[in-house]
Amino acid sequence: MQVHVVDHPLAAARLTTLRDERTDNAGFRAALRELTLLLIYEATRDAPCEPVPIRTPLAETVGSRLTKPPLLVPVLRAGLGMVDEAHAALPEAHVGFVGVARDEQTHQPVPYLDSLPDDLTDVPVMVLDPMVATGGSMTHTLGLLISRGAADITVLCVVAAPEGIAALQKAAPNVRLFTAAIDEGLNEVAYIVPGLGDAGDRQFGPR
């Protein structure tokens with residue numbers, strides 16, 4: 001599996017805001033949107049493009065556009081905070097949704113929503129989730145995508161734990177992962193340390 005850490009001063013600054021416990025809900029959402037855009041830039045750096053003949057006010061020239069805009073798949077609910085900025089950068093993209101909650105006793109994923117196209121053959125997919133902790137929610141999501149024929153899958157997250165990366169490597173070794181940081185690991189209740197806290201609660205308030 002390809003793992004890319006986005007090492008950029010602007011990404012580090014937004015990540016600092018997200019980590020800071022003093023950041024309120026609105027500030028957290030704003031920093032997440034801005035960091036999502038930086039992740040999108042890096043993840044699409046080598047995206048296939050096609051030439052587009054156009055005319056400027058002065059002359060004819062040739063521009064470019066993405067050959068195949070991706071399907072964006074936010075993992076609810078925390079991934080909701082990433083989808084608007086990703087969609088703004090990729091306006092031709094379609095959007096699917098996967099909903100996965102976490103059982104606080106077992107730390108296992110509890111799926112509750114699957115809104116994806118039936119056939120994803122030859123469709124590039126970008127999965128959006130601020131955190132890859134145990135990897136349970138993400139491996140569930142990847143399984144849904146792969147079962148529908150998806151083969152070109154990129155995961156975008158803010159922070160990832162080594163345990164989660166190992167789980168993804170085992171479940172879907174051909175996936176690409178772009179993250180702003182790989183943290184130390186998981187604590188006794190399977191939260192990433194130092195992490196961000198609960199990314200859903202920090203965006204929208206506690207459930």
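A Cβ is built for glycine as well, from the same backbone N, Cα and C atoms used for every other residue.
Swiss-Prot annotations:
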BINDING   ARG77, ARG102, ASP129, PRO130, MET131, VAL132, ALA133, THR134, GLY135, GLY136, SER137, ASP198  5-phospho-alpha-D-ribose 1-diphosphate binding site
BINDING   ILE192, GLY197, ASP198, ALA199  uracil binding site
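Shown here: features listed in Swiss-Prot, placed on the structure.
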residue : record                                              : Cβ within 10 Å
ARG77   : 5-phospho-alpha-D-ribose 1-diphosphate binding site : 17
ASP129  : 5-phospho-alpha-D-ribose 1-diphosphate binding site : 25
MET131  : 5-phospho-alpha-D-ribose 1-diphosphate binding site : 26
ALA133  : 5-phospho-alpha-D-ribose 1-diphosphate binding site : 27
GLY135  : 5-phospho-alpha-D-ribose 1-diphosphate binding site : 22
SER137  : 5-phospho-alpha-D-ribose 1-diphosphate binding site : 27
ILE192  : uracil binding site                                 : 26
GLY197  : uracil binding site                                 : 16
ASP198  : uracil binding site                                 : 16
ALA199  : uracil binding site                                 : 25
Other than ILE192, GLY197, ASP198, ALA199, which residues of the same chain sit close to uracil? List them in sequence order, counting a residue when its Cβ is within 8 Å of the Cβ centroid of the site. ALA78, PRO130, MET131, TYR191, GLY195, LEU196, GLY200, ASP201, ARG202
Span of ARG77, ARG102, ASP129, PRO130, MET131, VAL132, ALA133, THR134, GLY135, GLY136, SER137, ASP198 as binders of 5-phospho-alpha-D-ribose 1-diphosphate, largest Cα separation rounded to whole Å, comes out at 17
Indicate whether ILE192 (uracil binding site) is helix, strand or coil by DSSP. strand
Go through the binding-site residues ASP129, GLY135, SER137 and tell me which ones have a CA within 10 A of the CA of ALA199 (uracil binding site). ASP129
Binding-site residues near ILE192 (uracil binding site) (Cα-Cα within 10 Å), from ARG77, ASP129, MET131, GLY135: MET131
What binding-site residues among MET131, ALA133, GLY135, SER137 are found with a C-alpha within 10 angstroms of that of ASP198 (uracil binding site)? MET131
What is the separation, in Å, between the Cα atoms of GLY135 (5-phospho-alpha-D-ribose 1-diphosphate binding site) and GLY197 (uracil binding site)? 16
